[in-house]
Amino acid sequence: MDLEFLQSMDVQILVGVGVAVLAILVAAAYLFSSWKPKGCLDPENFRGFKLVKRQQLSHNVAKFTFELPTPTSVLGLPIGQHISCRGKDSQGEEVIKPYTPTTLDSDVGHFELVIKMYPQGRMSHHFRELRVGDYLAVKGPKGRFRYQPGQVRAFGMIAGGSGITPMFQVARAILENPKDMTNVRLIYANVTYEDILLKEELDSLVAKYPGRFKVYYVLNQIRILKIKKKGKSMTKWSLLEKLSESI
């Protein structure tokens, strides 16, 4: 009788230990899945981030890549919000201007800014003078809007010129989230074809998410395209070269 009692106690202990271990594993898995790394931004104070790469995209547009403290660090910018960047204009006076990174927190270890530099722009002067190894003072997050996945059935966007960056940020976050089935439609206006920013990236999203993402490019100055066909020259007006391939 005593032996049977001890055996039953052993079974109960083993079952209890097994249940406890299973509970710990489930809790650990939940915490791991819900855990988010702490962002590098400070909403109250400017922090310096080192420029590690500068890529000239056109005569007045460049992509700036800034290094975060560690290879696994994230910027910590909520979708739909922006950062404040501090620099000096051509007169040496301090200037602060908002910008939206084109990267998300899924892009660990760095963040990128695509900047169009205007001839008389005060902050444009600072970015023109910025060289690899220099530091950019950044503060954030900033902004009232914060996107929530599944917030709407469809998201319509209108952007012009360099105003594409916040739209690109939100569109990319929506499309790359497997739990968010929101459709996105973007009307993007520019003066000329050459002024279009992030066109390669936008067209890549269109190709990767057909039906869910459409871009309609609009130009203020349409150009004449000369096309040779069967030895003859013909001229046609085009709103945008190869527009049909983009939508």
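Cβ coordinates are placed from backbone N, Cα and C, and glycine is handled just like the others.
Database features, via TrEMBL:
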BINDING   PRO98, TYR99, VAL114, LYS116, MET123, SER124, THR165  FAD binding site
DOMAIN    44-148  domain 'FAD-binding FR-type'
TRANSMEM  12-32  transmembrane segment
Restricting attention to the domain 'FAD-binding FR-type' (44-148), give the mean pLDDT.
96
Max CA to CA distance in Å over the FAD-binding set PRO98, TYR99, VAL114, LYS116, MET123, SER124, THR165?
17
In sequence order, which same-chain residues at least six apart have a C-beta under 8 angstroms from TYR99 (FAD binding site)?
HIS82, ILE83, CYS85, LEU113, ILE115, THR165
Taking the recorded FAD site as PRO98, TYR99, VAL114, LYS116, MET123, SER124, THR165, identify the other residues of that chain whose CB atom sits within 8 Å of the mean position of the site's CB atoms, giving them in sequence order.
CYS85, LYS97, LEU113, ILE115, PHE127, SER162
To which of the binding-site residues PRO98, LYS116, MET123, SER124 does the lowest count of other Cβ atoms within 10 Å belong?
PRO98
